[in-house]
Amino acid sequence: MRLILLGAPGAGKGTQATFIKEKFGIPQISTGDMLRAAVKAGTPLGLEAKRFMDAGELVTDELIINLVKERLQQPDCANGYLFDGFPRTIPQAEAMKQAGVAIDYVLEIDVPFEEIIVRMSGRRSHAASGRTYHVKFNPPKVEGLDDVTGEPLIQRDDDKEETVKKRLEVYEAQTKPLIEYYTNWAKNGDSSTPLKAPQYRRISGLGSVDEIRERAFEALK
C-alpha cells in the first residue's frame, strides 16, 4: 500500500494517517522528519540540506526528492508508505513521478472551508497543562476557563480565524491543483512514465472520526 493523503489543513489528515499506517503496517513519510533525521545523522544529503536551512532558504525540491528516495530504501517501507503533507506543489509531484516513486492510491479528505474555519478557530487550550477544548464541540464547563484550574484559556495564533484563512488561501493556490493533477493521471494515464497510474479516491471528512476512518478503509480496498 503506497499512498498520498491530500486535504486542506484541518481536514483531519493526521488523525486518519495514524489509522491507515496502523492498519496496513506502513510508515508515515514526513519530509520535515526526514530533513531533521538526515541533518542529525550528518549524511551527505543532510549536510546539503543544512546549508540551505542555515541560510534561511527553502530546501530545493530536487534535494527533497533525493531524501524521499533514500528514505524509501529503508526496510520499513517494504510493504508500502504513506505521504502526508507531500507533495505540496505540482513541481514536487512531477519530480516524484520522474524519480519513479510508485503510488497506488491518492486519498483526498474533502471538508468545506467553512467547516475547517469553525473547527480550527474554535480551538482553545490551557497553556500550563496542554488541555484542549473547542467552543462548539468540546466546550469547558465555564466559558473561557479551564475545567480543572479555572484559569483562562487561550487561542493559539495558528488557530485565529485570519491565520486559518491565510493557510487555506495558500492551500488553494499551491496544493489544491494537485487534486486535478492526480485525478487526470488516474483517469488518463501518462505515457511519459513507466509508473502505473494511481487510483484516486475522494471521501467526505465530515462526521465522527470513526465514520471517516471507515470511509477511508473502504476507499482503500
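From the backbone N, Cα and C atoms, a Cβ is placed for every residue, glycine too.
Features as listed in Swiss-Prot:
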{"type": "BINDING", "residues": "Gly10, Ala11, Gly12, Lys13, Gly14, Thr15, Arg123, Thr132, Tyr133, Gly207", "note": "ATP binding site"}
{"type": "BINDING", "residues": "Thr31, Arg36, Glu57, Leu58, Val59, Gly85, Phe86, Pro87, Arg88, Gln92, Arg156, Arg167", "note": "AMP binding site"}
{"type": "REGION", "residues": "30-59", "note": "region 'NMP'"}
{"type": "REGION", "residues": "122-159", "note": "region 'LID'"}
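Arg156 (AMP binding site) sits 8 Å from Arg123 (ATP binding site), taking the C-alpha atoms as the reference points. Applying DSSP to the region 'NMP' (30-59) sorts its residues as follows: 22 helix, 0 strand, 8 coil. The Cα atom of Thr31 (AMP binding site) lies nearest to that of Gly14, taking the binding-site residues Gly14, Arg123, Tyr133 as the candidates. Gly12 (ATP binding site) sits 15 Å from Phe86 (AMP binding site), taking the Cα positions as reference. In this structure the alpha carbons, written CA, of Gly14 (ATP binding site) and Phe86 (AMP binding site) are 13 Å apart. Neighbour count (other Cβ atoms within 10 Å of the Cβ, all protein chains): 17 for Val59 (AMP binding site). In this structure, the CA atom of Arg123 (ATP binding site) is 32 Å away from the CA atom of Glu57 (AMP binding site). Between the farthest pair of Cα atoms in the ATP binding residues (Gly10, Ala11, Gly12, Lys13, Gly14, Thr15, Arg123, Thr132, Tyr133, Gly207), the distance is 20 Å. Neighbour density at the Cβ, taken as the number of other Cβ atoms within 10 Å, is lowest among the binding-site residues Gly12, Gly14, Thr31, Phe86, Arg123 for Gly14.
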